[in-house]
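Below: one structure, written as structure tokens.
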């Protein structure tokens, strides 16, 4: 049934996206999402695609079904987050404004990309430092911060940056929480993010993600990792209000203590499998 419904919504989503892409300025964005010029967009920020509430609803439903079928469709997960997270983004923005470090981030707008990271310096840091452990996470899980898509459908320039910041610190949360990128690790991080951010996308992933786990990992999630992730997400300092780029030399243990994040109760082994 889900396959049939998913195909219908994917066709609907493709038709809707085709309508959006008819605008001359958006055609360039569709053909090259990573390269654009400031002179060819009428939105609030480079790459912005204005949408009506009805269009957002269609995108949310279509991307939600596609993400349910394949949780590793990061493009669909991104669209779902942008089209459903307005109220949560306002709350996160306000929390950042009320935090001195978070306010500095909103003013300076740092980006976490390979072009902004000094990998050689991070590799020279001692084991146990936040920067070295983050680099180890990237290497062990074969991921890169450059895979995070740029925001397109958030109709507020500052909120768009908050969403972008959330995406770019996601892998840092994996490092802080000690979670790999397999399905169990991703679900545990989503439980933390749901409690921490209130983003509907995170809540949906927290609810539906366990459906893809086997019995042994379900037991681990519900008896230890899940309660730990929820508790840490609720009591931790706002994770978007931390200038991680200035914390590479800080020890991971000290940073966890500062953010009020407890280490994981069990060690989750990394796996290259896409599902469990």
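From the backbone N, Cα and C atoms, a Cβ is placed for every residue, glycine too.
Database features, via TrEMBL:
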type	residues	note
BINDING	170, 171, 174, 186	Zn(2+) binding site
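The Cβ of residue 186 (Zn(2+) binding site) has 71, 179, 205, 209 as same-chain neighbours under 8 Å, each 6 or more residues away in sequence. Scoring each of the binding-site residues (170, 174) by how many neighbouring Cβ atoms lie within 10 Å, the top position goes to 174. Using the Cβ center of 170, 171, 174, 186 for Zn(2+), the list of other same-chain residues with Cβ within 8 Å runs, in sequence order, 143, 172, 173, 179, 181, 185, 189.
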